[in-house]
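What Swiss-Prot shows for this protein is this:
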- 114, 115, 116, 135, 140, 162, 163, 183: S-adenosyl-L-methionine binding site (BINDING)
- 271-281: compositional bias 'Basic and acidic residues' (COMPBIAS)
- 271-302: region 'Disordered' (REGION)
């Protein structure tokens, strides 16, 4: 299974992302004989084999369904097993654009964590580039190494290292990084070690991902002391926008609605004046099994051609809460 190329059909051993709902995406490693269980039904791996990526798969018992999606770094971010707090797409996409990460870039990442952002870097630099990622926590390092190998991210080298104390150098490897991303509790301790591994032929860009403003203060001082310039702090605030159609109402519709409301109020007042009654309302028909409730009004499907519609958008009422401060800087090599 590769994150670099798309394929049409699912095969045994492939990674499939099961889209259950907007907030629930689950990774599946397809194996013959296994079953994926959800509250919406169960889904046999055997039947996934040969299906197209993007297809809707019905449940084995005829109810419920999931969509079988091809993995991308963005979808993987929403579905991966979290070992640490991760960098989500609103931040990661801005960082990649701001640092001008492109095919052929050489990226230094410290703080692999769940390897979410590592996937985005690897996909962006392509096989012509290189990602060097470092993780000091051994269990997280081993899990991330296993995932990167399974996903065939051959342009990525992961190293078990505390870069704050031991630096970034790798034996028999010329790193020459032109992009640096530090997701560390104390990036100011790692910054002095960068001079030996960043590019000596072109400018290098850096982004430090820090939740607290106190961390930003110390990071900025370390950047200035080590010759980094054009320092800027950014906070990304994202809101989700939804698109839908609103039915256009005529004046006659509005007048009719007002009449219905007025009649409803009048009827309600009359019932209140009469006081409680043991008899059910006249419009309820008695049957052998009790009283028959009135039918619900007909629901109009959005976009129905028998009505006039207007395209509309709506944003979330509140901006998502703070994730982290992004501290950017660049360093030009000495001539």
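Note: Cβ is positioned from N, Cα and C throughout, glycine not excepted.
Remember, it's a predicted structure, so these values are computed and weren't measured experimentally.
Map the listed features onto the structure and describe their local environment.
In the three-state DSSP scheme, residue 114 (S-adenosyl-L-methionine binding site) is classed as coil. All protein chains included, residue 114 (S-adenosyl-L-methionine binding site) registers 21 other Cβ atoms within 10 Å of its own Cβ.
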Counting Cβ neighbours within 10 Å across all chains shown, tell me which of the binding-site residues 135, 162, 183 comes out on top.
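Neighbour-count leader: 135.
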Where does residue 140 (S-adenosyl-L-methionine binding site) sit by DSSP, helix, strand or coil?
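Reduced to three states, the DSSP call for residue 140 (S-adenosyl-L-methionine binding site) is helix.
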Only counting partners 6 or more residues apart, tell me which same-chain residues put their Cβ under 8 Å from the Cβ of residue 163 (S-adenosyl-L-methionine binding site).
110, 134, 136, 184, 190, 193
Using only the Cα atoms of 114, 115, 116, 135, 140, 162, 163, 183, which the record gives as binding S-adenosyl-L-methionine, return the largest interatomic distance in Å, rounded to a whole number.
19
